[in-house]
Amino acid sequence: MSVEDGGMPGLGRPRQARWTLMLLLSTAMYGAHAPLLALCHVDGRVPFRPSSAVLLTELTKLLLCAFSLLVGWQAWPQRSPPWRQAAPFALSALLYGANNNLVIYLQRYMDPSTYQVLSNLKIGSTALFYCLCLRHRLSARQGLALLLLMIAGACYAAGGLQDPRNTLPGPPPAAAASPVPLHITPLGLLLLILYCLISGLSSVYTELLMKRQRLPLALQNLFLYTFGVLLNLGLHAGGGPGPGLLEGFSGWAALVVLSQALNGLLMSAVMKHGSSITRLFVVSCSLVVNAVLSAALLRVQLTAAFFLATLLIGLAVRLYYGSR
């Protein structure tokens, strides 16, 4: 049984249990990201530069990978690895960096709700590149499962959570009285399509790279996050004046950075031993965690759209990984 059939080839029960635990942890960390970020807000705003959080997350990943190799948690190659194998990871870092910046620019050409709904198209683009680049064929049942994931994400984004008391961090009351109408410009649509294509390509390209190279995962991550730190350091330095690197950070912010760093390492393991499709299901299932934590910590209400999205996600998982 392959990963995409719901299992790992040749894994015994203990290793299968560890694999399942890893996926559950990653799902929880993905889902906790937005609620934890909301807890960092001061007067309705994030008190630190977003580029600082991204840079510190990449740096934490890099240090954890280096530590893993130094203490022998993962074996160093018997022969010195050819360092030219590090070069392809520069493209991965560049693609991820481009996507992170596109998310910011997209907000100028559409309202947030439109972005949240249409960005689910990256599920389709990931599946497309998965089939083209890795030469995997998806059955009609698997294709339907991915379509259900896209619909579930759109349902959740369209109204899965509701805050009738306006306690969630957001625009000031004057702006809240005049909500931004739904809109998207032609340039915004073009950029959104580009965002979805880059998102799918970056995921599948990284998976292909990690599986083709016969190197320890920690060493591959060391290559990837070295380029990631350099790229984000340049973006942070070129971002103009603003708060310092650690200015505005709190215990919640440190937890956001640490959880995202650990989740990045878990996702790299999924990419090497699982697939980009597995990653899509982890991200989609994290919506349920996000909603439950938001309801518990931020006092928002779950709506019918959330329960519909949860039902569709469960059905998608059953269709894709269930027995034939």
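Cβ coordinates are placed from backbone N, Cα and C, and glycine is handled just like the others.
What TrEMBL lists as transmembrane segment is 21-39, 59-76, 88-107, 144-162, 182-205, 217-237, 249-268, 280-298, 304-321.
Outside the transmembrane segment (304-321), and at least 6 residues removed from its termini, the chain residues within Cβ reach (under 8 Å) are 4-6, 141-142, 144-146, 148-149, 151-153, 155-156, 158-161, 277, 281, 284-285, 287-288, 291. Same-chain neighbours of the transmembrane segment (249-268): 22, 25-26, 29-30, 32-33, 36-37, 39-40, 47-48, 52-53, 56-57, 60-61, 64-65, 206, 210, 217, 220-221, 224, 279, 282, counting only residues six or more beyond its ends whose CB sits under 8 Å from a CB of the stretch. Of the ranges 21-39, 88-107, 144-162, 182-205, 280-298, the one with the most Cβ pairs under 8 Å to the transmembrane segment (217-237) is 88-107. The transmembrane segment (280-298) makes contact with the transmembrane segment (144-162): 3 or more of their CB pairs lie within 8 A, with pairs spaced 6 or more apart in sequence.
Long-range Cβ contacts of the transmembrane segment (21-39) within its own chain (Cβ-Cβ under 8 Å, at least 6 residues beyond either end) map to 46, 168-169, 252, 255-256, 259-260, 262-263, 266-267, 269-270, 278, 282-283, 285-294, 297-298.
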